[in-house]
(Lines of atoms letter the chains of each structure in order from A and count residues from 1; the text may use other names and numbers.)
(Lines give C-alpha, C1' and ligand atoms only; values in the text may rest on other atoms or scores of the structure.)
Protein backbone atom coordinates (compact mmCIF):
# COMPACT_ATOMS: atom_id res chain seq x y z
CA UNK A 1 0.00 0.00 0.00
CA UNK A 2 1.47 3.36 -1.04
CA UNK A 3 1.68 6.14 1.52
CA UNK A 4 -1.00 8.29 -0.12
CA UNK A 5 -3.36 5.32 -0.32
CA UNK A 6 -2.63 4.41 3.31
CA UNK A 7 -3.46 7.95 4.43
CA UNK A 8 -6.61 7.95 2.31
CA UNK A 9 -7.77 4.62 3.70
CA UNK A 10 -7.06 5.69 7.29
CA UNK A 11 -9.03 8.88 6.75
CA UNK A 12 -11.98 7.06 5.18
CA UNK A 13 -12.08 4.42 7.89
CA UNK A 14 -11.74 6.95 10.72
CA UNK A 15 -14.41 9.19 9.22
CA UNK A 16 -16.80 6.27 8.70
CA UNK A 17 -16.24 5.07 12.28
CA UNK A 18 -16.85 8.55 13.70
CA UNK A 19 -20.12 8.93 11.76
CA UNK A 20 -21.13 5.44 12.85
CA UNK A 21 -20.49 6.37 16.48
CA UNK A 22 -22.76 9.42 16.14
CA UNK A 23 -25.47 7.29 14.54
CA UNK A 24 -24.93 4.65 17.23
CA UNK A 25 -25.58 7.29 19.90
CA UNK A 26 -28.80 8.36 18.16
CA UNK A 27 -30.07 4.77 17.90
CA UNK A 28 -29.18 4.06 21.53
CA UNK A 29 -31.03 7.17 22.72
CA UNK A 30 -34.20 6.35 20.79
CA UNK A 31 -34.18 2.59 21.43
CA UNK A 32 -32.65 1.99 24.84
CA UNK A 33 -34.09 -1.43 25.48
CA UNK A 34 -33.73 -4.62 23.44
CA UNK A 35 -35.65 -4.63 20.17
CA UNK A 36 -36.81 -7.51 17.96
CA UNK A 37 -34.34 -10.44 18.19
CA UNK A 38 -32.33 -8.51 20.78
CA UNK A 39 -35.02 -9.63 23.24
CA UNK A 40 -33.40 -13.08 23.02
CA UNK A 41 -29.76 -12.17 22.34
CA UNK A 42 -29.24 -9.57 25.08
CA UNK A 43 -30.51 -11.63 28.07
CA UNK A 44 -28.49 -14.62 26.85
CA UNK A 45 -25.30 -12.56 26.69
CA UNK A 46 -26.04 -11.06 30.11
CA UNK A 47 -26.50 -14.56 31.54
CA UNK A 48 -23.03 -15.44 30.24
CA UNK A 49 -21.71 -12.19 31.73
CA UNK A 50 -22.88 -13.39 35.14
CA UNK A 51 -21.25 -16.79 34.67
CA UNK A 52 -24.44 -18.72 33.95
CA UNK A 53 -23.04 -20.62 30.97
CA UNK A 54 -25.52 -23.48 31.26
CA UNK A 55 -28.51 -21.16 30.84
CA UNK A 56 -29.92 -21.17 27.31
CA UNK A 57 -32.97 -19.56 25.74
CA UNK A 58 -34.67 -22.24 23.57
CA UNK A 59 -35.90 -19.53 21.17
CA UNK A 60 -32.31 -18.83 20.03
CA UNK A 61 -31.43 -20.81 16.90
CA UNK A 62 -27.71 -19.99 16.51
CA UNK A 63 -24.66 -21.21 18.41
CA UNK A 64 -23.26 -19.04 21.25
CA UNK A 65 -20.33 -17.48 19.37
CA UNK A 66 -21.63 -13.92 19.71
CA UNK A 67 -22.23 -14.23 23.46
CA UNK A 68 -18.89 -15.89 24.22
CA UNK A 69 -16.97 -13.27 22.27
CA UNK A 70 -18.97 -10.45 23.88
CA UNK A 71 -18.10 -11.67 27.36
CA UNK A 72 -14.48 -12.12 26.30
CA UNK A 73 -14.33 -8.47 25.20
CA UNK A 74 -16.61 -6.69 27.68
CA UNK A 75 -15.46 -8.32 30.92
CA UNK A 76 -11.72 -7.52 30.49
CA UNK A 77 -12.58 -4.00 29.30
CA UNK A 78 -14.80 -3.46 32.35
CA UNK A 79 -12.02 -4.70 34.65
CA UNK A 80 -9.39 -2.45 33.04
CA UNK A 81 -11.62 0.64 33.10
CA UNK A 82 -13.10 -0.02 36.52
CA UNK A 83 -16.68 -0.33 35.33
CA UNK A 84 -19.14 -1.98 37.66
CA UNK A 85 -22.86 -2.47 37.98
CA UNK A 86 -25.38 -2.33 35.18
CA UNK A 87 -23.05 -0.70 32.62
CA UNK A 88 -21.19 -4.01 32.24
CA UNK A 89 -22.97 -6.03 29.53
CA UNK A 90 -25.68 -3.39 29.20
CA UNK A 91 -27.62 -3.20 25.93
CA UNK A 92 -25.46 -0.31 24.71
CA UNK A 93 -22.22 -2.07 25.63
CA UNK A 94 -23.24 -5.24 23.84
CA UNK A 95 -24.31 -3.32 20.74
CA UNK A 96 -20.94 -1.57 20.69
CA UNK A 97 -19.34 -4.95 19.96
CA UNK A 98 -20.98 -4.84 16.53
CA UNK A 99 -19.65 -1.35 15.94
CA UNK A 100 -16.16 -2.78 16.40
CA UNK A 101 -17.00 -5.62 14.02
CA UNK A 102 -18.18 -3.04 11.49
CA UNK A 103 -14.78 -1.31 11.58
CA UNK A 104 -13.11 -4.69 11.17
CA UNK A 105 -15.32 -5.48 8.20
CA UNK A 106 -14.30 -2.23 6.52
CA UNK A 107 -10.64 -3.19 6.84
CA UNK A 108 -11.21 -6.76 5.65
CA UNK A 109 -13.22 -5.61 2.65
CA UNK A 110 -10.38 -3.33 1.63
CA UNK A 111 -7.79 -6.11 2.01
CA UNK A 112 -9.98 -8.52 0.03
CA UNK A 113 -10.48 -6.03 -2.80
CA UNK A 114 -6.72 -5.50 -2.88
CA UNK A 115 -6.01 -9.25 -2.99
CA UNK A 116 -8.76 -10.32 -5.40
CA UNK A 117 -7.93 -7.58 -7.93
CA UNK A 118 -4.17 -7.36 -7.39
CA UNK A 119 -3.44 -8.28 -11.03
CA UNK A 120 -5.52 -5.36 -12.31
CA UNK A 121 -2.96 -2.56 -12.33
CA UNK A 122 -5.50 -0.11 -13.78
CA UNK A 123 -7.37 0.05 -10.46
CA UNK A 124 -6.30 3.05 -8.39
CA UNK A 125 -5.97 3.19 -4.63
CA UNK A 126 -8.86 5.66 -4.50
CA UNK A 127 -11.13 3.18 -6.29
CA UNK A 128 -10.23 0.43 -3.81
CA UNK A 129 -10.95 2.73 -0.86
CA UNK A 130 -14.21 3.87 -2.42
CA UNK A 131 -15.34 0.29 -3.06
CA UNK A 132 -14.41 -0.77 0.49
CA UNK A 133 -16.36 2.17 1.90
CA UNK A 134 -19.35 1.34 -0.29
CA UNK A 135 -19.45 -2.30 0.82
CA UNK A 136 -18.86 -1.31 4.45
CA UNK A 137 -22.08 0.73 4.38
CA UNK A 138 -24.01 -1.91 2.42
CA UNK A 139 -27.50 -1.15 3.81
CA UNK A 140 -28.67 -4.58 4.94
CA UNK A 141 -25.43 -5.23 6.82
CA UNK A 142 -24.83 -1.68 8.05
CA UNK A 143 -28.22 -1.41 9.73
CA UNK A 144 -27.47 -4.34 12.06
CA UNK A 145 -24.23 -2.70 13.15
CA UNK A 146 -26.36 -0.74 15.62
CA UNK A 147 -28.28 -3.65 17.12
CA UNK A 148 -27.08 -6.73 18.98
CA UNK A 149 -27.46 -9.20 16.11
CA UNK A 150 -25.12 -11.93 14.85
CA UNK A 151 -24.69 -10.47 11.35
CA UNK A 152 -21.65 -8.15 11.73
CA UNK A 153 -19.65 -10.80 13.60
CA UNK A 154 -20.74 -13.54 11.20
CA UNK A 155 -19.58 -11.43 8.25
CA UNK A 156 -16.31 -10.51 10.00
CA UNK A 157 -15.14 -14.07 10.60
CA UNK A 158 -16.31 -15.28 7.19
CA UNK A 159 -14.50 -12.47 5.35
CA UNK A 160 -11.41 -13.02 7.49
CA UNK A 161 -11.51 -16.74 6.66
CA UNK A 162 -11.82 -15.94 2.95
CA UNK A 163 -8.87 -13.53 3.12
CA UNK A 164 -6.64 -16.13 4.82
CA UNK A 165 -7.70 -18.67 2.20
CA UNK A 166 -6.64 -16.35 -0.61
CA UNK A 167 -3.24 -15.94 1.05
CA UNK A 168 -2.85 -19.72 1.37
CA UNK A 169 -3.13 -19.83 5.19
CA UNK A 170 -5.66 -22.65 5.14
CA UNK A 171 -5.34 -23.78 8.75
CA UNK A 172 -5.99 -20.22 9.94
CA UNK A 173 -8.81 -19.91 7.44
CA UNK A 174 -10.47 -23.07 8.76
CA UNK A 175 -10.11 -21.85 12.36
CA UNK A 176 -11.76 -18.54 11.45
CA UNK A 177 -14.40 -20.50 9.56
CA UNK A 178 -15.15 -22.34 12.79
CA UNK A 179 -15.61 -18.96 14.54
CA UNK A 180 -18.01 -17.94 11.76
CA UNK A 181 -19.87 -21.22 12.19
CA UNK A 182 -20.24 -20.45 15.92
CA UNK A 183 -22.03 -17.21 14.93
CA UNK A 184 -24.29 -18.81 12.33
CA UNK A 185 -24.39 -22.46 11.32
CA UNK A 186 -25.01 -21.77 7.62
CA UNK A 187 -21.55 -20.17 7.44
CA UNK A 188 -20.21 -23.70 7.00
CA UNK A 189 -21.13 -23.16 3.34
CA UNK A 190 -18.45 -20.46 3.13
CA UNK A 191 -15.91 -22.89 4.57
CA UNK A 192 -16.80 -25.12 1.61
CA UNK A 193 -16.43 -22.03 -0.59
CA UNK A 194 -12.88 -21.47 0.70
CA UNK A 195 -12.01 -25.11 0.01
CA UNK A 196 -13.65 -24.68 -3.39
CA UNK A 197 -11.33 -21.77 -4.15
CA UNK A 198 -8.36 -24.10 -3.73
CA UNK A 199 -9.99 -26.82 -5.82
CA UNK A 200 -11.02 -24.35 -8.55
CA UNK A 201 -7.46 -23.05 -8.78
CA UNK A 202 -6.04 -26.55 -9.27
CA UNK A 203 -8.76 -27.41 -11.77
CA UNK A 204 -8.08 -24.26 -13.75
CA UNK A 205 -4.37 -25.10 -13.92
CA UNK A 206 -5.14 -28.60 -15.16
CA UNK A 207 -7.72 -27.25 -17.62
CA UNK A 208 -5.16 -24.90 -19.18
CA UNK A 209 -2.81 -27.85 -19.68
CA UNK A 210 -5.69 -29.78 -21.27
CA UNK A 211 -6.35 -26.90 -23.66
CA UNK A 212 -2.68 -26.81 -24.65
CA UNK A 213 -2.94 -30.48 -25.62
CA UNK A 214 -5.91 -29.74 -27.87
CA UNK A 215 -4.86 -26.59 -29.67
CA UNK A 216 -6.60 -27.74 -32.78
CA UNK A 217 -9.93 -27.71 -30.88
CA UNK A 218 -11.26 -24.28 -30.08
CA UNK A 219 -12.25 -24.98 -26.51
CA UNK A 220 -12.56 -22.15 -24.03
CA UNK A 221 -13.38 -22.26 -20.34
CA UNK A 222 -15.12 -18.90 -20.57
CA UNK A 223 -17.15 -18.79 -23.79
CA UNK A 224 -20.23 -20.09 -22.08
CA UNK A 225 -21.62 -22.12 -25.01
CA UNK A 226 -23.43 -25.36 -24.23
CA UNK A 227 -20.78 -27.51 -25.93
CA UNK A 228 -18.00 -25.79 -23.98
CA UNK A 229 -19.89 -26.35 -20.74
CA UNK A 230 -20.36 -30.03 -21.61
CA UNK A 231 -16.63 -30.46 -22.27
CA UNK A 232 -15.79 -28.64 -19.06
CA UNK A 233 -18.10 -30.80 -16.97
CA UNK A 234 -16.68 -33.93 -18.61
CA UNK A 235 -13.17 -32.78 -17.73
CA UNK A 236 -14.31 -31.98 -14.18
CA UNK A 237 -15.68 -35.49 -13.64
CA UNK A 238 -12.58 -37.14 -15.11
CA UNK A 239 -10.31 -35.03 -12.93
CA UNK A 240 -12.21 -35.66 -9.71
CA UNK A 241 -12.47 -39.44 -10.11
CA UNK A 242 -8.69 -39.74 -10.35
CA UNK A 243 -7.32 -41.08 -7.00
CA UNK A 244 -4.08 -39.14 -7.51
CA UNK A 245 -5.95 -35.85 -8.01
CA UNK A 246 -8.22 -36.55 -5.07
CA UNK A 247 -5.20 -37.20 -2.85
CA UNK A 248 -3.62 -33.91 -3.97
CA UNK A 249 -6.81 -31.94 -3.30
CA UNK A 250 -7.25 -33.62 0.10
CA UNK A 251 -3.69 -32.67 1.08
CA UNK A 252 -4.45 -29.04 0.16
CA UNK A 253 -7.87 -28.75 1.78
CA UNK A 254 -7.64 -31.05 4.84
CA UNK A 255 -8.29 -28.23 7.39
CA UNK A 256 -11.60 -27.47 5.68
CA UNK A 257 -12.45 -31.17 5.41
CA UNK A 258 -11.97 -31.58 9.17
CA UNK A 259 -14.24 -28.59 9.88
CA UNK A 260 -16.96 -29.80 7.51
CA UNK A 261 -16.73 -33.28 9.06
CA UNK A 262 -17.19 -31.75 12.52
CA UNK A 263 -20.22 -29.91 11.16
CA UNK A 264 -21.83 -33.18 10.07
CA UNK A 265 -21.07 -34.68 13.50
CA UNK A 266 -22.78 -31.67 15.07
CA UNK A 267 -25.84 -32.06 12.83
CA UNK A 268 -26.05 -35.77 13.67
CA UNK A 269 -25.79 -35.22 17.44
CA UNK A 270 -28.04 -32.16 17.43
CA UNK A 271 -30.60 -33.76 15.16
CA UNK A 272 -30.52 -30.81 12.78
CA UNK A 273 -28.70 -27.60 11.98
CA UNK A 274 -30.89 -25.39 14.23
CA UNK A 275 -30.14 -25.44 17.96
CA UNK A 276 -33.30 -23.81 19.30
CA UNK A 277 -36.74 -23.09 17.90
CA UNK A 278 -36.86 -25.52 14.97
CA UNK A 279 -40.58 -25.12 14.31
CA UNK A 280 -39.99 -21.72 12.68
CA UNK A 281 -36.79 -22.66 10.85
CA UNK A 282 -37.61 -25.76 8.86
CA UNK A 283 -35.41 -26.54 5.87
CA UNK A 284 -37.11 -27.00 2.51
CA UNK A 285 -36.36 -26.80 -1.20
CA UNK A 286 -37.36 -23.17 -1.71
CA UNK A 287 -35.90 -22.63 -5.20
CA UNK A 288 -37.48 -19.18 -5.72
CA UNK A 289 -35.09 -17.95 -3.02
CA UNK A 290 -32.47 -17.88 -5.79
CA UNK A 291 -34.74 -15.59 -7.82
CA UNK A 292 -35.28 -13.33 -4.81
CA UNK A 293 -31.52 -13.15 -4.28
CA UNK A 294 -30.91 -12.22 -7.91
CA UNK A 295 -33.56 -9.47 -7.65
CA UNK A 296 -31.97 -8.24 -4.41
CA UNK A 297 -28.57 -8.17 -6.13
CA UNK A 298 -29.85 -6.26 -9.15
CA UNK A 299 -31.41 -3.69 -6.81
CA UNK A 300 -28.20 -3.11 -4.86
CA UNK A 301 -25.82 -3.50 -7.80
CA UNK A 302 -27.75 -1.76 -10.53
CA UNK A 303 -24.66 0.23 -11.66
CA UNK A 304 -23.07 -3.18 -12.42
CA UNK A 305 -26.07 -5.15 -13.64
CA UNK A 306 -28.75 -2.81 -14.95
CA UNK A 307 -27.08 -0.89 -17.77
CA UNK A 308 -28.24 -0.18 -21.35
CA UNK A 309 -25.26 -2.13 -22.71
CA UNK A 310 -26.13 -5.20 -20.69
CA UNK A 311 -29.78 -5.03 -21.72
CA UNK A 312 -28.81 -4.86 -25.40
CA UNK A 313 -26.39 -7.78 -25.02
CA UNK A 314 -29.03 -9.79 -23.18
CA UNK A 315 -31.58 -9.22 -25.97
CA UNK A 316 -28.94 -10.25 -28.51
CA UNK A 317 -28.24 -13.42 -26.51
CA UNK A 318 -31.99 -14.05 -26.33
CA UNK A 319 -32.24 -13.84 -30.09
CA UNK A 320 -29.26 -16.17 -30.62
CA UNK A 321 -30.36 -18.89 -28.18
CA UNK A 322 -34.19 -18.96 -28.12
CA UNK A 323 -34.39 -22.70 -27.36
CA UNK A 324 -32.09 -22.47 -24.33
CA UNK A 325 -33.96 -19.49 -22.88
CA UNK A 326 -37.31 -21.16 -23.53
CA UNK A 327 -36.13 -24.19 -21.57
CA UNK A 328 -34.88 -21.96 -18.73
CA UNK A 329 -38.25 -20.17 -18.70
CA UNK A 330 -40.18 -23.44 -18.43
CA UNK A 331 -37.93 -24.70 -15.63
CA UNK A 332 -38.26 -21.39 -13.75
CA UNK A 333 -42.06 -21.42 -14.04
CA UNK A 334 -42.13 -25.01 -12.76
CA UNK A 335 -39.85 -24.19 -9.79
CA UNK A 336 -42.03 -21.23 -8.84
CA UNK A 337 -45.21 -23.28 -9.21
CA UNK A 338 -44.06 -26.25 -7.14
CA UNK A 339 -41.53 -24.81 -4.69
CA UNK A 340 -42.82 -21.42 -3.53
CA UNK A 341 -43.23 -21.28 0.25
CA UNK A 342 -44.60 -18.43 2.35
CA UNK A 343 -43.35 -18.37 5.95
CA UNK A 344 -45.78 -17.32 8.66
CA UNK A 345 -43.37 -14.58 9.81
CA UNK A 346 -43.41 -13.03 6.33
CA UNK A 347 -47.18 -12.53 6.51
CA UNK A 348 -47.45 -11.57 10.18
CA UNK A 349 -44.64 -9.13 11.00
CA UNK A 350 -45.23 -5.68 9.48
CA UNK A 351 -41.99 -4.27 10.94
CA UNK A 352 -39.83 -5.79 8.19
CA UNK A 353 -39.37 -4.54 4.64
CA UNK A 354 -39.98 -8.06 3.32
CA UNK A 355 -43.57 -7.87 4.62
CA UNK A 356 -44.26 -4.89 2.34
CA UNK A 357 -42.35 -6.33 -0.62
CA UNK A 358 -44.46 -9.47 -0.43
CA UNK A 359 -47.75 -7.62 0.09
CA UNK A 360 -47.20 -4.88 -2.48
CA UNK A 361 -45.68 -7.09 -5.19
CA UNK A 362 -46.36 -10.80 -4.82
CA UNK A 363 -49.79 -10.63 -3.23
CA UNK A 364 -51.25 -8.27 -5.82
CA UNK A 365 -52.22 -11.22 -8.00
CA UNK A 366 -51.51 -14.93 -8.18
CA UNK A 367 -49.85 -14.48 -11.59
CA UNK A 368 -47.32 -11.84 -10.48
CA UNK A 369 -44.75 -14.40 -9.34
CA UNK A 370 -44.86 -15.97 -12.83
CA UNK A 371 -44.81 -12.67 -14.71
CA UNK A 372 -41.51 -11.81 -12.99
CA UNK A 373 -39.72 -14.76 -14.65
CA UNK A 374 -38.35 -12.69 -17.60
CA UNK A 375 -36.81 -10.27 -15.10
CA UNK A 376 -35.32 -13.18 -13.11
CA UNK A 377 -33.77 -14.58 -16.27
CA UNK A 378 -32.25 -11.22 -17.17
CA UNK A 379 -30.99 -10.82 -13.59
CA UNK A 380 -29.39 -14.28 -13.70
CA UNK A 381 -27.78 -13.63 -17.08
CA UNK A 382 -26.46 -10.23 -16.01
CA UNK A 383 -25.25 -11.65 -12.70
CA UNK A 384 -23.31 -14.43 -14.43
CA UNK A 385 -22.03 -12.03 -17.09
CA UNK A 386 -20.32 -9.84 -14.47
CA UNK A 387 -18.42 -12.91 -13.22
CA UNK A 388 -17.05 -13.90 -16.64
CA UNK A 389 -13.57 -12.75 -15.61
CA UNK A 390 -13.50 -15.67 -13.16
CA UNK A 391 -12.73 -19.23 -14.23
CA UNK A 392 -15.63 -21.54 -15.06
CA UNK A 393 -14.68 -23.71 -12.07
CA UNK A 394 -14.82 -20.77 -9.68
CA UNK A 395 -18.23 -19.80 -11.06
CA UNK A 396 -19.58 -23.36 -10.70
CA UNK A 397 -18.26 -23.55 -7.14
CA UNK A 398 -19.75 -20.18 -6.20
CA UNK A 399 -23.17 -21.08 -7.64
CA UNK A 400 -23.21 -24.37 -5.73
CA UNK A 401 -22.52 -22.45 -2.50
CA UNK A 402 -25.11 -19.83 -3.43
CA UNK A 403 -27.76 -22.52 -3.88
CA UNK A 404 -26.75 -24.21 -0.62
CA UNK A 405 -27.05 -21.02 1.41
CA UNK A 406 -30.30 -19.69 -0.08
CA UNK A 407 -32.54 -22.52 -1.32
CA UNK A 408 -33.03 -24.41 2.01
CA UNK A 409 -34.34 -21.24 3.71
CA UNK A 410 -38.13 -21.12 3.96
CA UNK A 411 -38.25 -17.52 5.23
CA UNK A 412 -37.62 -14.65 2.83
CA UNK A 413 -35.14 -12.65 4.91
CA UNK A 414 -32.75 -10.12 3.35
CA UNK A 415 -30.13 -10.78 6.04
CA UNK A 416 -29.58 -14.24 4.56
CA UNK A 417 -28.40 -12.58 1.33
CA UNK A 418 -25.62 -10.48 2.92
CA UNK A 419 -22.70 -12.90 2.61
CA UNK A 420 -23.44 -14.30 -0.86
CA UNK A 421 -23.89 -10.72 -2.06
CA UNK A 422 -20.59 -9.52 -0.56
CA UNK A 423 -18.66 -12.48 -1.99
CA UNK A 424 -20.17 -11.76 -5.40
CA UNK A 425 -19.51 -8.04 -5.19
CA UNK A 426 -15.88 -8.54 -4.13
CA UNK A 427 -15.21 -10.61 -7.23
CA UNK A 428 -16.75 -8.47 -9.97
CA UNK A 429 -14.55 -6.04 -11.94
CA UNK A 430 -14.26 -2.45 -10.80
CA UNK A 431 -16.64 0.05 -12.34
CA UNK A 432 -15.82 3.49 -13.64
CA UNK A 433 -15.41 6.13 -10.94
CA UNK A 434 -18.78 7.67 -11.86
CA UNK A 435 -20.61 4.37 -11.36
CA UNK A 436 -18.76 3.71 -8.11
CA UNK A 437 -19.85 7.09 -6.77
CA UNK A 438 -23.41 6.39 -7.92
CA UNK A 439 -23.40 3.08 -6.04
CA UNK A 440 -22.09 4.73 -2.85
CA UNK A 441 -24.64 7.56 -3.11
CA UNK A 442 -27.43 5.01 -3.53
CA UNK A 443 -26.33 3.08 -0.43
CA UNK A 444 -26.16 6.28 1.60
CA UNK A 445 -29.66 7.22 0.44
CA UNK A 446 -31.08 3.80 1.35
CA UNK A 447 -29.39 3.96 4.75
CA UNK A 448 -30.70 7.47 5.38
CA UNK A 449 -34.28 6.42 4.59
CA UNK A 450 -33.98 3.26 6.69
CA UNK A 451 -32.64 5.03 9.77
CA UNK A 452 -35.15 7.85 9.40
CA UNK A 453 -38.00 5.34 9.37
CA UNK A 454 -36.52 3.36 12.25
CA UNK A 455 -35.92 6.38 14.47
CA UNK A 456 -38.88 8.62 13.62
CA UNK A 457 -41.73 6.64 12.06
CA UNK A 458 -42.69 4.51 15.02
CA UNK A 459 -46.07 2.84 15.42
CA UNK A 460 -47.93 0.58 17.82
CA UNK A 461 -49.87 -2.64 17.49
CA UNK A 462 -53.44 -2.73 18.77
CA UNK A 463 -52.74 -5.41 21.35
CA UNK A 464 -49.40 -4.03 22.57
CA UNK A 465 -48.11 -0.88 24.28
CA UNK A 466 -44.58 -1.34 22.95
CA UNK A 467 -43.20 1.03 20.32
CA UNK A 468 -42.64 -0.73 16.96
CA UNK A 469 -40.12 0.34 14.35
CA UNK A 470 -39.53 -0.39 10.67
CA UNK A 471 -36.36 -2.30 9.82
CA UNK A 472 -34.76 -4.72 7.38
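For all residues, glycine too, the Cβ spot is worked out from N, Cα and C.
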Where TrEMBL places transmembrane segment among the ranges 325-346, 413-434: 325-346
TrEMBL annotation (transmembrane segment) - matching range among 349-366, 367-384: 367-384
Per TrEMBL record, range annotated transmembrane segment [choices 232-253, 254-275]: 254-275
Cβ pairs under 8 Å between the transmembrane segment (287-305) and the transmembrane segment (254-275), at least three: no
Intrachain neighbours beyond the transmembrane segment (60-81), with Cβ under 8 angstroms and 6 or more residues off its ends: 40-41, 44-45, 48-49, 87-89, 93-94, 97, 100, 148, 150, 153, 179-185, 274-278, 281
Sequence-remote partners of the transmembrane segment (325-346) [C-beta within less than 8 Å, at least six residues beyond its ends]: 280, 284-288, 291, 317-318, 354-355, 358, 369-370, 373-374, 376-377, 410-412
Cβ pairs under 8 Å between the transmembrane segment (126-149) and the transmembrane segment (6-27), at least three: yes
Beyond the flanks of the transmembrane segment (390-407) by at least 6 residues, Cβ under 8 Å: 186, 189-190, 192-193, 196-197, 199-200, 203-204, 207, 221-222, 229, 232, 236, 285-287, 289-290, 292-293, 384, 416-417, 419-420, 423-424, 427
